[in-house]
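What follows is a set of notes on a single structure, which appears directly below.
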Ligand SMILES: Nc1ncnc2c1ncn2[C@@H]1O[C@H](COP(=O)(O)OP(=O)(O)OP(=O)(O)O)[C@@H](O)[C@H]1O
Ligand SMILES: [Mg+2]
């Protein structure tokens, strides 16, 4: 078990922070791992993380500490995920892309360009040992799509809603997402540029190029061993989250305000998953609410298990953002306690090295489909999947979305019919109450006779007493 690597990065103060708040800072560095944070009430809290990058820290330092080891492992078929998290305008996209994905100098290059460069450099040094194929995909949870609850493919916007599937053998899969083969850094950057141009951006007062979407960069690195024909695959995911924001501070209103609420909601879902993963006794399997948002669903494997993970908590050092910085740091401290068990994935495809027969038919088909995916298009794979299910070769590689929506359907239908039954019951109760009231009144009237009845009763009793006396 290893822990998640958690680092904090404090960006340089912005001109607005200088102008509005002089040079007040809420952070005092102690060393490369520890700093003192001063909150709104001037109370001091000491934080210790795996590494702290202060205002002057170069992009290369962040890459070398945070991303390089994970990239190296991914080339060796150990999955890895790198996430930038923090308040809007805190430096997440800057850390990921630098000032621009293509037009930035060596010094300013972000994690993305450095990871791609480093990965191809490592691959070329291993050419004698294995043949590598790298594929890139860029799913994005943009805000408009959040509302209609869909996941977008930034490399092909014509694909509407990317389905999330879960299989026993491969975990979470994004069915039908475009995976472009990339053979060198330049080609990868070209595709990244196309994808990023499609990423939704809006404007807030706080950050004029604010990311209004959570964007993930998936690099799937497959190695075919020259010696023994084994195939291994490592998945490297870089995630640039959209930033949380306080509407009153950023001046967000209308559509932008709605977007901010949606972003905050999905980030809360991420926080809830991390809380669930890090609280409770490890022996007790507790419920982890991955399904509460698409973001946590896409990151399920990275958060919950077979993946190395690094989190960069991006913060403003200005006193004006102290409360947001504190909440980002608390998020990071919590994530530090997630336990991960990354291990190399491996598929053997030589006949003598087939998987043990204990694998189910569905699992085997899943593996065959995955293998074929490397050679033929996703559409063909989808068709094959349907044919397999239709012919009864596999039961179903169920789409989680389908199951979820069917479940929601049944739940809402049940609720509807229950509500109808309650309404009918209420009407019946009302009717019965009215009838009951009428009967009671009638009974009372029968018990208490009118003046004529009273007189006749008096006469008959007088008459009786007269004859008996
Ligand atoms: N380490 C840094 N060095 C220099 N400038 C930085 C640094 N970090 C951030 N900036 C600048 O701060 C501004 C906001 O950064 P960025 O766009 O990365 O924020 P963000 O966290 O991605 O915000 P959002 O959540 O709104 O997308 C940008 O102008 C960026 O260039
Ligand atoms: Mg951003």
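These residue numbers are counts, starting from 1, taken along the chain as shown.
Using N, Cα and C of the backbone, Cβ positions are placed for all residues, glycine too.
Automated prediction, rather than curation, is the source of TrEMBL annotations.
Copied over from TrEMBL, here are the features:
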DOMAIN    3-338  domain 'Kinesin motor'
BINDING   86, 87, 88, 89, 90, 91, 92, 93  ATP binding site
COILED    408-442  coiled coil
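Close to ligand 1, meaning a Cβ under 6 Å from one of its atoms, are these of the binding-site residues 87, 88, 92: 88, 92.
Within the set of binding-site residues 86, 87, 89, 91, no residue has a CB atom less than 6 Å from any atom of ligand 2.
In the three-state DSSP reading, residue 90 (ATP binding site) counts as coil.
A sphere of 10 angstroms centred on the C-beta of residue 92 (ATP binding site) encloses 27 other C-beta atoms. Remark: residue 91 (ATP binding site) has 9, 11, 84, 314, 315 as non-local neighbours, by Cβ distance under 8 Å and separation of at least 6 in sequence. Cβ neighbour count for residue 93 (ATP binding site): 27 (other Cβ atoms within 10 Å of its Cβ, all protein chains included).
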